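Take a look at the structure below.
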Amino acid sequence: MTWTANSCFVTLAILFLWRVEEIAEACSCSPAHPQQAFCNSDVVIRAKLVGEHEVAVGNDIYGNPIKRIKYDIKQIKMFKGPNQDIDAIYTAPSSAVCGVTLETSGKEYLVTGKIETDGTMHVTLCDFIEPWEATSATQKKGLTQRYEMGCDCKITRCTSIPCMISSPKECLWTDWVIEKLVLGEQAKHFACIKRSDDSCAWYRGSAPPKKDFLDIEDP
């Protein structure tokens, strides 16, 4: 094999490996009920977005700068997280790698995300991020108490009929098969709460659930 052919082969191999790495890093995640997002997140806040700019946060293994979008925020309320206010959230620059695009003209959002080792908050398309005005009264109530009551429960998403739970500690999430919506009635108006017998059931109501509540309000 000639030097030119060898060079072409090496170049193609590098491009192939780069493409495989890029595909592996592409964004892919399953929809999550707001309660799951709350329980699985390090931080859950209500925040007003006031600024946006691109920043470098280091270099990759090839020495290329790693870019992130930094959203400057004004924290309005923290529902879960560290003992200090969050003043910025970071995300990838492209939706292909799970980057999130948000409005920065003072719009308020409910934001869930992770805390990195350097103490900064990072968000992806896999996190639950919703305009505050679009959150339901039940979701707002869940953020302050009810979601936390069900963090030991498992919410199982039903994607096709038939579907069923395998444990009394599960709640079956049927929004997709019934309404063809990810954020349907159960996502907007129900919380999966652990009961006194350690089983879990959907709960909907304005009053706090009683300790021994029955699941008569299951959908």
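Glycine is treated like the rest: Cβ placed from N, Cα and C.
In sequence order, SER95, ALA96, VAL97, CYS98, THR124, LEU125, CYS126 constitute the residues six or more apart from CYS27 (Zn(2+) binding site) in its chain with CB-CB distances below 8 Å. The Zn(2+) binding site annotation in TrEMBL covers CYS27.
The disulfide bond annotation in TrEMBL covers CYS27-CYS98 (among others).
Annotated disulfide bond per TrEMBL: CYS29-CYS126 (among others), in sequence order. Counting every protein chain shown, the Cβ of CYS29 (disulfide bond) has 10 other Cβ atoms within 10 Å.
Sequence annotations record features per position, and here TrEMBL assigns disulfide bond to CYS39-CYS151 (among others).
Residues annotated as disulfide bond in TrEMBL: CYS153-CYS200 (among others). Counting only same-chain residues at least 6 apart in sequence, those with a Cβ under 8 Å from the Cβ of CYS200 (disulfide bond) are GLY150, ASP152, CYS153, LYS154, PRO168, LYS169, GLU170, CYS171, CYS192, ILE193, LYS194.
For CYS163 (disulfide bond), the number of other Cβ atoms no farther than 10 Å from its own Cβ, over all displayed protein chains, is 14. The annotation disulfide bond is assigned in TrEMBL to CYS158-CYS163 (among others).
The disulfide bond annotation in TrEMBL covers CYS171-CYS192 (among others). Counting every protein chain shown, the number of other Cβ atoms lying within 10 Å of the Cβ of CYS192 (disulfide bond) is 29.
What TrEMBL lists as domain 'NTR' is 27-151.
The signal peptide annotation in TrEMBL covers 1-26.
If you look up TrEMBL, you'll see ASN40 (among others) marked as site 'Involved in metalloproteinase-binding'. For ASN40 (site 'Involved in metalloproteinase-binding'), the number of other Cβ atoms no farther than 10 Å from its own Cβ, over all displayed protein chains, is 14.
For LYS67 (site 'Involved in metalloproteinase-binding'), other Cβ atoms within 10 Å of its Cβ number 14. Taken from TrEMBL, the feature site 'Involved in metalloproteinase-binding' covers LYS67 (among others).
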If you draw a 10 Å sphere on the Cβ of CYS39 (disulfide bond), how many other Cβ atoms land inside?
-> 20
Judged by the number of other CB atoms within 10 angstroms, which among CYS98, CYS126, CYS151, CYS153, CYS171 is the least packed of the disulfide-bonded residues?
-> CYS151
Residue among disulfide-bonded residues CYS29, CYS39, CYS158, CYS163 with Cα closest to the Cα of LYS67 (site 'Involved in metalloproteinase-binding') | CYS29
Consider the recorded positions CYS29, CYS39, ASN40, CYS151 and say which one has the Cα lying nearest the Cα of CYS158 (disulfide bond).
-> CYS29
Nearest to CYS151 (disulfide bond) by Cα distance: which of the recorded positions CYS29, ASN40, CYS163 is it?
-> ASN40
Give the number of CB atoms, excluding that of CYS158 (disulfide bond) itself, located within 10 Å of its CB.
-> 16
